[in-house]
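Please read the structure below before turning to the comments.
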Amino acid sequence: MNLKLDYRHILTARSDRVKCVDLHPTEPWMLVSLYNGKIHVWNHQNQQLIKTFEVCYSPVRSGKFIARKNWIITGSDDYRIRVFNYNTLERQHVVDAHKDYVRCLAVHPTLPIVLSGSDDKKIKMWNWDNSWTCQKVFDGHSHYVMQIVFNPKDNNTFASASLDKTIKIWQLASSIPNFTLKGHVNYITCLDYTHAGQKPYLISGADDCLVKIWDYQNRSCVQSLYGHTENVTAVVFHPELPIIITGSEDGTVKIWNASTYSLEKTLNYGLGRAFTICCLKGSNMVGIGFDDGCVMIRLGKEDPTFSMDEGGKILWIKNSEIEMVNLKQFANENIKDGERLNLSSKGDAKSSEVFANTLAHNSDGRYVAVCGGGEYIIYTAMALRNKAYGSALEFVWGIEPEAFAIRESTTTVKVFQKLTKEKKSLKVGADGIYGGTLLGVRFKYQLTFYCWDSLDLVIRTDNQPTGVFWGGNGCLNTKVKPKNWGILRILKEEHCQKDAELKEASDNLIVANKKNNSLAEALSEYELKLKEMKEKEKEEHYQKDAVLKEASDNLIVANKKNNSLTEAQSEYELKLKEMKERNLALDDNASLLKAGKDELNERLKESENNLVTARSDIQNLESQLASLQNDLDSSQTASGILEEMLHGKNLESKSQRDEIEQLKNEVRILKEEKNIIEFELTKTRKVVAEKEEDILRKMQLEKEVKSLYESNNELEAESLTKTESLLGDIKHLNDTEKILKEEKNVMELDKTRKLLIKKEHEKKLLEKEVRSLNEGNYDLEADSLNSNKIIKERDYRLAEIKARTVP
């Protein structure tokens, strides 16, 4: 929501390129450091250049006031820091500070210390009480150091921005940085801390056209602000207002809401690129430096927003802090009109959750409302506890203690009766609203007043006031222009007389309405009796319907049972068909099983015979194999003996050698026969195993056939029992259906007789009542004629009263 800040232009001074601006904490001075090597000091109250002097031939990139020493300190491109007395303009000190351009300076708020940053990538700490000696060098950046800022919440820490795309946080006691913040993708040129009472945030601007807000406790980026189209050169958290100010080489200065981060306003003075922005704690002044000069503006009001109740308790808001004081402490002092009082606030200040444009007590002083930034909050006046809140452009209190109105938009005004309970809404054009005895609504060149209770229009005037004030006698004062006042006489006596006449007319109207109401009541009683008769008939009709419905339900149940029996019978018939089909299939299977059984028996006999023969063959083969094994062993032993003999005796006769070879051939033949017999033996064993498996299968088939015969017999028995039970149920249902029909006819006859007797009796009673009502109608018609006369007289009086109240 818009903060509704006033933007007032104070000073414009054209000059060479401005590299730095600073504001004096007590004097109305603005220090301007120029690229041409000069210093200008402007008085922004009378817009006069009061001091100017040349520092050097190189650009002066930084200049600061040190008010407690009456000094101006400068840093320039000739690598030096210079100190001047701003009263005499004498040069006090010259320090060869760095090996490259001095980019920035930062003065400690309490200690005799100055920090300097340079293009030599170093930060140096200088002590002016110790003859400007360098006490420490902070080394950690890998590119130019562009800006240094002390933390206002902890003066022993500071932050630095560099073209190495990092922000480093340092302590004065250590030359090594505590930690580094990274997030920008291009050179970081500027930074600033939030001030006391605000969040632990740090803001930075860079050549990537972005402004980033950092939480330096969590070391994370909270928000990025998009809007500038060129390099961001200056960023500032305003010390008094909830805003952020940024400047860029695109020539614009943007003002952002520090709570919602929305863009509030864009300023462009046509002076080229913006390079530097300076704010001062305790002031709403802002100094801005450009390519072609400098500008000073005032944001918002420097005076606090305040309100006082009838008991002399004052509340005021400045810098989002609510403070309280009671004027009763000066009751015993002789105070002259217009005398200034030194007020000391009571207790700790409470922080307001909204930026306050208005602050107002209600009529009895129990509550106070703060409105601003598109929101309102109602606090208790003593403890400042939150009671109600909401969205509103404007807020005003009514004459009742808890009644108030808000302007929600340019077309809607809402009235609340009890803090949170909305009463009514006015859909009218509304540029502003005013509280008091009546609710005032300003739209264009008209001011309209409405009654708080009924929201009826009371009076309309053709002026556009800047303020509305009510006197103790109900007299209304309107401030039309800063020096003009208009008094609109709406006196309490006339207002009360008008109310009395209206009340008398309304009382007469009430009497007439009461008489009319008595007639209406008699008619309504007659209508009620008729309704009762109709309801009785309906109840009896409903009872009759209930009995009939019950009988019909019984019939439906009987029919359902009959249908279920028929369904069960049909299911049973289907099951019988299925059973017959299964029996036929089982018979076929049984015949096939018998044929298969005969075949299996024959095969089994053959396999048993073959098994017997195979076993005998196996025995023969095993005996042959044993004899062959013996022959083989004997031949092997013989051949071994012969070989030993040959080796031993070295026989060389051919006959002996032939015998040996013959023996070896016999051994080979025996081995071959052994192998053939072993192969036949394995074959026969496989055949025997297959035959045994066939026998087992046959036994399993016989078991399955037996189980099928048994299940068939069980199903036949179940089907017989189910058919018998179904036939018995069908007979029982037929008997119950006949009995129900007879009972239903008897009940209907009895009920119709009773209903006829009751209706004849009620008809006689109604005829008597109609006669009595007709007799009372004549009296009521006479009373209504008298009431009409009274109403006409009242309307005539109301017309006279309205004619008197027209201005």
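The backbone N, Cα and C atoms fix where each Cβ goes, and this holds for glycine too.
These numbers come from a predicted model, not from an experiment.
What TrEMBL lists as repeat 'WD' is 11-52 (among others). Distant neighbours of the repeat 'WD' (11-52): 58-65, 67, 72, 74, 76, 84, 86, 89, 269, 271, 275-283, 285, 287-296; these residues of the same chain sit at least 6 beyond its ends, with a Cβ under 8 Å from one of its Cβ atoms.
Annotation source TrEMBL lists repeat 'WD' at 95-127 (among others). Using a Cβ-Cβ cut-off under 8 Å and counting only residues 6 or more beyond its ends in the same chain, the repeat 'WD' (95-127) has close neighbours at 61-64, 66, 73-77, 79-83, 133-139, 141-150, 152, 155, 158, 160, 162, 170, 172.
Residues annotated as repeat 'WD' in TrEMBL: 138-174 (among others). DSSP labels the residues of the repeat 'WD' (138-174) in these numbers: 0 helix, 24 strand, 13 coil.
Beyond the repeat 'WD' (181-224), the same-chain residues lying 6 or more positions past its ends with a Cβ under 8 Å from any Cβ of the stretch are 143, 146-147, 149-153, 159-163, 165-169, 230-237, 239, 244, 246, 248, 256, 258, 261, 281, 319-321, 351. Under the heading repeat 'WD', TrEMBL lists 181-224 (among others).
The repeat 'WD' annotation in TrEMBL covers 225-266 (among others). Predicted-model confidence for the repeat 'WD' (225-266) is 92, expressed as mean pLDDT.
Feature annotation from TrEMBL assigns domain 'COPA/B second beta-propeller' to 320-494.
TrEMBL lists 502-718 (among others) with the feature coiled coil.
Positions annotated as coiled coil by TrEMBL: 749-776 (among others).
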